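Here's the structure we're looking at; comments come further down.
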Amino acid sequence: MLKILKYSFFDLIRSRWSYVYLLFYLLLGFVLLFLNEDLSKAVITLMNVIIILVPLIGTIFGVMYYYDSKEFTELLLAQPVKRSSIFIGQYLGVSLSLVMSLVIGLGLPFVFYGLFQSSAIFDFTLLLVTGALLTLAFTAIAFNIALYNENKIKGFSYAILMWLFMAVIYDGLFLMFLVIFDTYPLDKFSLIATMLNPIDLSRILILLKLDIAALLGYTGAIFKEFFGTNTGLFSALGALMIWVVLPVFNIYRKSKKKDF
Amino acid sequence: MIKIDNLHKKFGKNEVLKGVDLNIPEKGIFAVLGPNGSGKTTLIKSILGMVVPDKGKIFIKGKETQQNGAYRSDIDYLPQIANFPNNLGVKELIKMIKDLRGVNADYDELIKVFKLEPFLNKKLNNLSGGTKQKVNIVLTFMFDSQIVILDEPTTGLDPVALIHLKNLIKKEKEKGKTILVTSHIMSFVEEISDEIVFILEGKIYFKGNLQELREKTGEADFEHAIANLLMKDHA
């Protein structure tokens with residue numbers, strides 16, 4: 001698995017798109033930090049960009065890489081290597097190269113800004129950890145979608161729809177539900193509904209840490225009320241990790257049975 | 001060397017292999033032929049463990065094939081379509097496959113024969129289709145396994161490379177290897193193969209050497225003999 005991870009990682013970090021992705025974050029980081037007086041405002045803006053963009057890029061790269069390397073995967077499948085190590089290795093190659101772009105792209109501006117002297121270092125670290133987990137989760141989901149769909153166009157459409165649902169539609173439905181049923185006690189419902197969407201989960205996670213959960217309104221308040229800041233933080237982080245583990249486990253399971 | 005017992009495979013409603021029994025002895029070149037969609041590739045992929053059969057067993061060197069794929073270290077495989085990671089160089093790719101197998105590989109000679117020296121440090125997405133196929137061939141023949149499986153090896157090759165490929169296959173045969181080839185180029189099959197395995201609608205329809213094929217069909221010309229096999233059944 002490590003050998004496959006190594007080579008797909010090398011392959012990907014040399015691709016033009018990895019550089020574009022890296023440059024985007026560099027630019028974003030520098031602009032936000034040096035044109036913005038307030039550090040926590042910069043972190044919030046970054047969060048808003050990250051929780052939408054990171055899943056999108058993870059999804060697209062995941063699906064594209066899978067379909068693009070299909071023939072090469074067949075060559076690998078004919079080698080004396082376990083199937084699961086091929087797919088998990090490729091998955092880690094894609095997601096880790098994306099995580100690297102994110103961490104370097106946002107990390108460098110912050111280092112230049114003098115992050116290590118500032119108190120925002122924990123907020124910022126959490127932002128990067130959340131971004132990394134979101135990358136891992138959405139790349140894994142994208143690999144799952146691609147594994148279940150032989151047809152490239154179909155797989156690609158499902159993946160984009162999945163992202164659209166999680167990033168945009170889900171919140172709308174959630175809100176509608178809250179408005180329609182506002183006479184009922186909805187705290188448990190909103191807790192569970194938040195856990196079921198990694199993007200919402202990440203938002204809560206960062207806002208809880210920044211101690212401005214009130215900004216998020218209802219859900220944030222409930223999270224805080226239920227867990228208190230620290231417990232809430234860790235349970236949200238744990239739930240986010242489940243979002244990584246489950247799809248990865250399914251890659252392992254599905255790849256064992258699939259015909260190529 | 002390779003023994004297949006009552007192999008069945010369905011893709012959805014489409015029954016591709018309907019009980020294939022095949023025994024491929026040691027040494028020699030065996031051509032697997034058949035019309036499009038007859039199940040050639042499925043058969044080969046089953047041997048390699050890329051397709052999981054619904055029913056039936058496959059034995060390699062007397063041992064039943066296993067899920068973990070360790071038996072594949074006895075098989076060199078040339079896939080039909082040559083497509084590689086875009087941003088790796090030819091040399092890196094060779095190193096990668098060698099790393100994965102964990103055995104010695106002898107590629108210097110092959111690189112020279114196919115004149116790949118100028119491409120060694122080039123990225124794979126800058127190579128032409130034919131050059132990629134040459135790289136594909138190097139990746140297959142650089143190992144020294146007992147069984148060699150070639151799926152449409154002639155795709156995209158120029159005449160010179162084709163001659164080198166034929167020599168290469170003959171050389172491997174002289175080493176006492178078992179070689180399985182599929183191809184739609186009948187002259188190529190006629191020239192190199194010792195025995196023909198003809199698959200039709202998911203079953204072995206004919207197995208024998210060229211002479212037996214000619215006798216069975218009453219056609220002296222190989223291409224016509226194969227066409228005859230095809231038409232008799234579909235008329």
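Backbone N, Cα and C define each Cβ position, glycine as well.
Remote same-chain partners of the transmembrane segment (A:17-35), defined as residues 6 or more beyond its termini with a Cβ less than 8 Å from a stretch Cβ, comprise 42, 45-46, 49, 57, 61, 97-98, 101-102, 104-106, 108-110, 112-113. Look at TrEMBL and you will find A:17-35 (among others) tagged as transmembrane segment.
Annotated transmembrane segment per TrEMBL: A:42-67 (among others), in sequence order.
Annotated transmembrane segment per TrEMBL: A:87-112 (among others), in sequence order.
Look at TrEMBL and you will find A:124-148 (among others) tagged as transmembrane segment.
Taken from TrEMBL, the feature transmembrane segment applies to A:160-181 (among others). Packing against the transmembrane segment (A:160-181) from elsewhere in the chain are residues 51-52, 55-56, 59-60, 138, 141-142, 145, 189-190, 193, 197-200, 218: each is 6 or more residues past its ends and has a CB under 8 Å from a CB in it.
TrEMBL lists A:201-221 (among others) with the feature transmembrane segment.
The transmembrane segment feature in TrEMBL is assigned to A:233-252 (among others). Sequence-distant contacts of the transmembrane segment (A:233-252), counting only residues of its own chain at least 6 positions beyond either end whose CB sits under 8 Å from a CB of the stretch, comprise 84, 87-88, 91, 129-130, 133-134, 136-137, 140-141, 143-144, 147, 195, 198, 201-202, 204-205, 208-209, 223, 227.
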Remark   = Sequence-distant residues near the transmembrane segment (A:124-148) by C-beta distance (under 8 Å, 6 or more away from its ends) are 43, 46-47, 50-51, 54-63, 66-67, 87, 90-91, 94-95, 98-99, 102-103, 106-107, 110, 115, 155, 158-159, 162-163, 198-199, 202, 205-206, 209, 237, 240-241, 243-244, 247-248, 250-251, 254-255, 258
